[in-house]
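What TrEMBL lists as region 'Disordered' is B:1-26. Annotated domain 'Copper amine oxidase N2-terminal' per TrEMBL: B:21-105, in sequence order. Sequence annotations record features per position, and here TrEMBL assigns domain 'Copper amine oxidase N3-terminal' to B:111-212. Marked as domain 'Copper amine oxidase catalytic' by TrEMBL: B:238-649. What TrEMBL records for B:ASP315 is active site, proton acceptor. What TrEMBL lists as 2',4',5'-topaquinone is B:TYR399. Taken from TrEMBL, the feature active site, schiff-base intermediate with substrate applies to B:TYR399.
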Protein chains: 2
Amino acid sequence: MALDRLKSVAQHVTGTSPPPHPFDPLSNQEIESAVSVIRAAKGKLFYNAVTLREPPKKEMLKWLESPSTLPRPTRIADIVAIAPGGKVFDGLVDLNAGKIVKWEQMEGVQPLITMEDLQIVEHVVRKDPKVIEQCVISGIPADEMHKVYCDPWTIGYDHRFGSDVRLQQALMYYRPHIDDSQYSFPLDFCPIFDADKQEIIHIDIPEVRRPVSKAKPNNYHAASIEAEGGYRTDIKPINITQPEGVSFKVEGRVIEWQNWSVHVGFNYKEGIVLNNITYNDHGNIRPIFYRLSLAEMVVPYGNPEHPHQRKHAFDLGEYGGGYMTNSLSLGCDCKGAIHYMDAAFVNRAGESTTIKNAICIHEEDSGILFKHTDFRDDSVVVTRGRKLIVSHIFTAANYEYCVYWIFHQDGTVQLEIKLTGILNTYAMLPGEDTKGWGTEVYPGVNAHNHQHLFCLRIDPNIDGPDNTVFQVDAAQGAGYVGSKENPYGNAFYAKRTKYSKVSEAISDYDGVTSRTWDMCNTNKLNPHSHKPVSYKLVSREVPRLLPKEGSLVWKRAGFARHAVHVTKYDDDQILPAGRHVPQTSGEPSRGIPEWIANGDASIDNTDIVLWHTFGITHFPAPEDFPVMPAEPMTLLLRPRNFFLRNPALDVPPSYCSTPSQILEGKQALDLKDKASKLVVVGGSGDASAQGASCCQK
Amino acid sequence: MALDRLKSVAQHVTGTSPPPHPFDPLSNQEIESAVSVIRAAKGKLFYNAVTLREPPKKEMLKWLESPSTLPRPTRIADIVAIAPGGKVFDGLVDLNAGKIVKWEQMEGVQPLITMEDLQIVEHVVRKDPKVIEQCVISGIPADEMHKVYCDPWTIGYDHRFGSDVRLQQALMYYRPHIDDSQYSFPLDFCPIFDADKQEIIHIDIPEVRRPVSKAKPNNYHAASIEAEGGYRTDIKPINITQPEGVSFKVEGRVIEWQNWSVHVGFNYKEGIVLNNITYNDHGNIRPIFYRLSLAEMVVPYGNPEHPHQRKHAFDLGEYGGGYMTNSLSLGCDCKGAIHYMDAAFVNRAGESTTIKNAICIHEEDSGILFKHTDFRDDSVVVTRGRKLIVSHIFTAANYEYCVYWIFHQDGTVQLEIKLTGILNTYAMLPGEDTKGWGTEVYPGVNAHNHQHLFCLRIDPNIDGPDNTVFQVDAAQGAGYVGSKENPYGNAFYAKRTKYSKVSEAISDYDGVTSRTWDMCNTNKLNPHSHKPVSYKLVSREVPRLLPKEGSLVWKRAGFARHAVHVTKYDDDQILPAGRHVPQTSGEPSRGIPEWIANGDASIDNTDIVLWHTFGITHFPAPEDFPVMPAEPMTLLLRPRNFFLRNPALDVPPSYCSTPSQILEGKQALDLKDKASKLVVVGGSGDASAQGASCCQK
Ligand SMILES: [Co+2]
Ligand SMILES: [Co+2]
């Protein structure tokens, strides 16, 4: 330990640091190295992204088997840059060799919109005479343009403008006062911004005009709450502490916890990326997932009137879940004993930047892990569970997405997403009919129907990379009631359908059969059940894509057409709506529709990727406004036939007694939590927790 | 306060106590009073149940409007008793008057099986010569009958024996050692026990015999874990404390918390019953639910071979979720600052008994309640949520059900159920084919497929008792892509279908449309949205009943045929499979099928009850054995168009800054949690939480 400290100090002093893990995101230093290599060769460029190009999986799997003896895979930077005039370049830089290994000008594509890109639009909009004219028509005096705001979105796709010019659509709002929530004062017109010329090239103006609302502001900030009677005063603190430290270990970006090991990566598009997830099964390190990430999402809005069809943000591919990530705060976003990781990015000028505390890692109690009481003698085991949570939060203009990757002691990996933030809103006239396409959540505020559809990319590695997916449906047994095979009519079973080729794997959710999907290693059977070792995808929030077949959203968000697609693994297939999403026309559809074009490709017992689209359909209500209480959705990846038995049996119980102990009056195992207290209820009805700890029943 | 204490002491000394709330369960004293009234009139009886007969709703609604001026509704005890010889009596005793108001002999019904009923069977089985003979055939020496155990279940229904004789089926097991888990050693035959005669009247013996397994025991108790290497030592404690007390108030059994008020009742069948749930909306006490409970459940098993069709336990109606409830332990079942409530029951002899700590009430942090960051200037609000949890756990022979009623600050009521405990198991021969009806979870152990189907009884009171249910389906807009009404094909809306009469309300879940159900008060529109105030049932774990139409389970568990039924309110309609469930033949089907017989009855804008069946289909795996990690399922009751806006805006934020504060460098509102700590990662990779609190980003 003393020696370790010394080494750590030495590193600090000499400035040397251990070489990065091949999955580590590029460091600030590596980002700047990559930029300097490009700059030397290519001159002045605006940088859109400099990120890790992950090592080829084949090479990486080999390295993971013997990391101490094999050479580390080369560090490659993946670069997207835009030249003055708007030319887009994709490049790769070998950081070990310090040289460009690929440099390609991309035609007819637009890379994502960065925060810097976004910030410019509002300034331009406020000075544009045609926008000012529209503001005046909306009822905003020309000298109040500083009160006009916009949420710039990529244009999505508009056939009038195509893909060659980099465009944003400015969703317009007004703030009577700088601190007022602008979403209560939407404006009815939509300027189009040319990112290269930095000017407004068009304004979409509706036929029916809707002047800015005269309603009073609808705020949630402290001053407004104070003015309405103040904050409630009856919430007593809950303290969550770990006086002996946390139960996880951190080695670089590898977290070890409760037999789990996972490398926590991060990139500008997907945000958190979990790699090389393994489970130490009694000394046997078993691979489970090579890579897990939220790889894309789309938020189609359901109002058919022009230009609302353009509202269908791909928040990851068009803006970047990493780029939009929040710097998290202790005691605010995160409660308990917290380990943070930062995120390094490039800015437009090519300098490296850092988002502090981009990722939060912490443990939580998770209630009862298992319990059983023998009704004969009350002999009992009760064991509490624990979970490890790796999370980040990103702000996509009005919305916030809180992403929680949760590891459980029973071998389950859970993905939970909470939606909060503010509804996207549009202007409406007093008494106007929303026609069912939205809800008047506040006078003059129409919150349109929309879906939040996420694409989870699962790269399974269930005891090795050769895996097979089976669809599992709960099915009634054959035979009528009274038949020989089903005399009582009660027979039912898990109907398993193997996905042998890509075309068979294009599948939807079926609530009637409680459909799940098993990712199996068919080469390895569970010794007890004689079934293939597997992880089961259990996901119940799986709406269909509501925009119709052939619609713009349907064409652009090909991944969202079905709940599950399975493809053969390919190093280049990470982003299911394609690498450059803004202004894609959907003709042809990028990403998954391309990758499943050959429906006959085998996905049987080979290296595969499962793409799962899930989410919610959101019909707004006044309760969601002016800021929305978090709406949770969740899915599970559960071990089935993977372990020989419940893998958490050796988690220390809170209490464990056996029949013989009870019979013989012997001491049971009592490891109860000593910090818990009984509430003392006073005569006045007030309840406090000052009583002594008590474990008597 | 001093005066209050004095009063409380005085009550203790004099033995007077405030009169019970009309929803309060019967006290021990009341139970004994009821028994003494019956005993005086009817002589010796075995008591099956003495429980509160809840006041007529009409009378109770009136009383709730003016509890201080109106007389309390009469306390009525509802009694089920069995006379020697097996005659069953239903009775009512007016406790205020001390007299019997109803006494009826019931023909052809059997009341539920109590824990006392269960306990007897094992003793009888061990001494029965025919059972001993079968044990010997199974490979158990006759002198090892003390190692033979049984889980007695009601017989369900077996046409050979009918309903007149009170019967149990004994699911047989063996324990090599008293502390071994018997579920690894199932026996293949099934004795039938006559509860009146207290003897075995029949044994069901399969054609194919399966001797008791020779596998080594598969245990989870401390000694077995120690023998396998011991408990893991790397879990550091998490302490959850409330140094200033809890945020709820307790007045008798009425809990007040965060604008919520709820009366927490309990009975022997349903367990927790929540009554008169209201929300204080800025001084306006708004009723939401008159009554919420889990009112029934059924667990059909899917193996078609005789006699497994009899395995379809109605755990509430046949055994009682209250009767089987656990006495909870501080620091074991419950963590943090805990308030307990006890449960009072009658025993067979007519004495009152108490289960200490039957109900746990506590608060938990629930993560981010809402958050929004303005991307322009990082002005932000982040507010953490809190939840109140009212829970109990019951043990149904092998299984445990943990029931959590959760109240949220945003007006949501959540029901979460965790399944744990042990799989019901049956014997199998080495190498035997399960034929897909079960899984070999351990050598010689066949865990059959089964479903856990719960029936949630919702008695809505959405701003008053006259409510209407609408089915809500996410639907595509009319018109092809390119049509005038849907030019871009993106139109979608919430299709609402009103349930005007009982026959229209018989409905299934639809995963494709993400179907939900709104309980509305159509007489009251939300001032902003102009839609009826409502609570929405959001439930995604809704498998269909897999036993076929016409099967025994289908006939007996009529409530489970559909996800939703709606009935007009009736004081007598509480238990959806009927009042006395054991040995019902399903001809006719009791409960809901009777109550929906008149399909034309109006359920439009009247006092209604919504019955919701949900749950999971469980295909066992070795991970579920020898004790199953808790499997969660959940559903939400969410306010929609009920509140004018997010009702939690006045929850104190952790941090709140505004654009003007940021612009002017002014102090933001900073109420962050001070107990949270940064983890310090040592050079060795060990992580501890000894760092100072830090809220800097
Ligand atoms: Co939404
Ligand atoms: Co089960």
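Positions of Cβ are set from backbone N, Cα and C atoms, glycine also.
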Quiz item: Any idea which of the recorded positions B:ASP315, B:TYR399 has the thinnest Cβ neighbourhood at 10 Å?
Solution: B:TYR399
Quiz item: Where DSSP helix means H, G or I and strand means E or B, what are the helix, strand and coil counts for the domain 'Copper amine oxidase N2-terminal' (B:21-105)?
Solution: 24 helix, 29 strand, 32 coil
Self-check item: Helix, strand and coil totals (DSSP H, G, I; E, B; other) for the domain 'Copper amine oxidase N3-terminal' (B:111-212)
Solution: 32 helix, 27 strand, 43 coil
Quiz item: Given the residue listed as 'active site, proton acceptor' and B:TYR399 (2',4',5'-topaquinone), what distance in Å do their CA atoms have, once rounded to a whole number?
Solution: 10
Exercise. Within the domain 'Copper amine oxidase N2-terminal' (B:21-105) only, compute the mean pLDDT.
Key: 97
